[in-house]
Amino acid sequence: MVTPQSPTPMFNGLDDDLYSDAKYAHEINDKMRVPKRIKATGEYSNEDLLLSNQNGMISSWNYHDKIDMNVPDRIVVLGHNQHLETRSAPREIQLENSILPKNPSVGLVRVQTPPRIITLTDQHFPSASEESSPIRANGHHLYGNDLDEDADDEEVHATQYVRANGVARMGFQGNDTNSVESDSQLTTGSASKRSQLNQQQHNNLDASMLAHREGTPMGELTPHEEILYLRRQLAKLNRRVLNIEINNEQRTQREKIVYCLGLAYFVLKTIFWLNRN
């Protein structure tokens, strides 16, 4: 018997926690339970209400169809306000389960584990074996005829020319590998040096990625490295063709000047000879 003089029991939070957890779980179960019947007005009930027939007798053959809620796993829209309820999983999940088992064994894994040690004999890594600098040892850039001599360098050079009216045009651009400036009044200017430096910084990345390790045969290159290698070869060919066309254009200009001077000389000599006679 507890009296006012009896010592008060000490507070024990463990019992209260157990009691509150059990009460919380019971309330959650009651709240998350799906009702057996929901009306169109929003009212619902869990009573087992059976529908009676014309004679007042209750039949249970349509109990599950009219009272219980059957939630299908999949609803397929057929069109024309029609749908199909199925219990099967979607085709994507069925295909994935047919290829990849749900419970793989120890030796079968879905994702390959990356190796802890990577060796150069098995993996492709770029190296600094090939020089990618387009600048000579004396510090001068490559222009004019030096392009033909240094065609094997890693860097792809874009020679820029300036028209007589000051409009700059690129002889070789990344988006148009066959663009060649064949105007008759092309002169190199100071803007070409600045454009060379900008183009050099832009192409350093591709040149560094293209450099592969020493001793790697061409058959072992990855597709990305092969694409970069083909781009470099096309750039070299385009550079040589550009240099040849520039030389041909300059030679044509020189021949025109020589022909004009020679024709003017013979015309003047003819006029002087006629005047003398």
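Quick reminder: no glycine exception, Cβ is built from N, Cα and C everywhere.
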I'm validating the feature mapping. Which of 22-50, 51-79, 225-253 is tagged coiled coil in Swiss-Prot?
225-253
If Swiss-Prot marks one of Ser190, Ser195 as phosphoserine, which residue does it mark?
Ser190
How many other Cβ atoms are found within 10 Å of the Cβ atom of Thr222 (phosphothreonine), counting all protein chains shown?
11
